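K.L.:
So Swiss-Prot lists these for the protein:
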type	residues	note
COMPBIAS	86-105	compositional bias 'Polar residues'
COMPBIAS	154-165	compositional bias 'Low complexity'
MOD_RES	T46	phosphothreonine
MOD_RES	S92	phosphoserine
MOD_RES	S103	phosphoserine
MOD_RES	S146	phosphoserine
MOD_RES	S149	phosphoserine
MOD_RES	T165	phosphothreonine
MOD_RES	S166	phosphoserine
MOD_RES	S170	phosphoserine
REGION	76-105	region 'Disordered'
REGION	143-173	region 'Disordered'
MOTIF	27-36	motif 'VQ'
Amino acid sequence: MNSKGSQNVATTCKPVTTFVQTDTNTFREIVQRLTGPTENNAAAATPEATVIKTAIQKRPTSKLHERRQCMRPKLEIVKPPLSFKPTGTTPSSKSGNTNLLTSPVGTPSSLFSNLSLIEGEPDSCTTNIEEEEKAIKERRFYLHPSPRSKPGYTEPELLTLFPLTSPNSSGKP
């Protein structure tokens, strides 16, 4: 191109993206060079010359799946040897097998191993209620009882939105 522009190309695979650094004055010229001739130049060329140029310059285009295979990192599957014998050591121990990763949380059995069942005592139930009420008061959240649970509660009176009888029918027979 010219001395002001530079181009970076990946060496491991066909370049998918071309990076060009240029100034605003030469931008149009560089874009035209990268994308091909303008429409005026293409119309001015003879049809025979374009057929010969396309036959010579035509390269096999790479298909999408071929480009993706080139860009995809290779995955390796490591199988254990045939003489694999499980031992009593945990995977986190340094037994030479450093490829295994352990969870920082641990297994579910180790999480629930410290739990124990406490049979309910009548005193523990009242202390839980007292603790709950204390926490509610500290946070200034009060659970008000429903007015329906109070003695002497009667159902609210439903007001009629629409008249039950027509005013015209009551005045005339």
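Glycine residues also receive a Cβ, built from the backbone N, Cα and C atoms like all the rest.
Have a look at these and tell me how they're positioned relative to everything else.
P.N.:
For the compositional bias 'Low complexity' (154-165), the list of distant contacts is empty: no same-chain residue at least six beyond its ends comes Cβ to Cβ under 8 Å.
Counting only same-chain residues six or more apart in sequence, none has a Cβ lying under 8 angstroms from the Cβ of S146 (phosphoserine).
Annotation note: S149 (phosphoserine) sits in a helical segment as assigned by DSSP. Around S149 (phosphoserine), no same-chain residue six or more apart in sequence has its CB under 8 Å from its CB.
Counting only residues at least six positions away in the same chain, no Cβ atom sits under 8 Å from the Cβ of T165 (phosphothreonine).
Cβ environment of S166 (phosphoserine): no same-chain residue six or more positions apart lies under 8 Å away.
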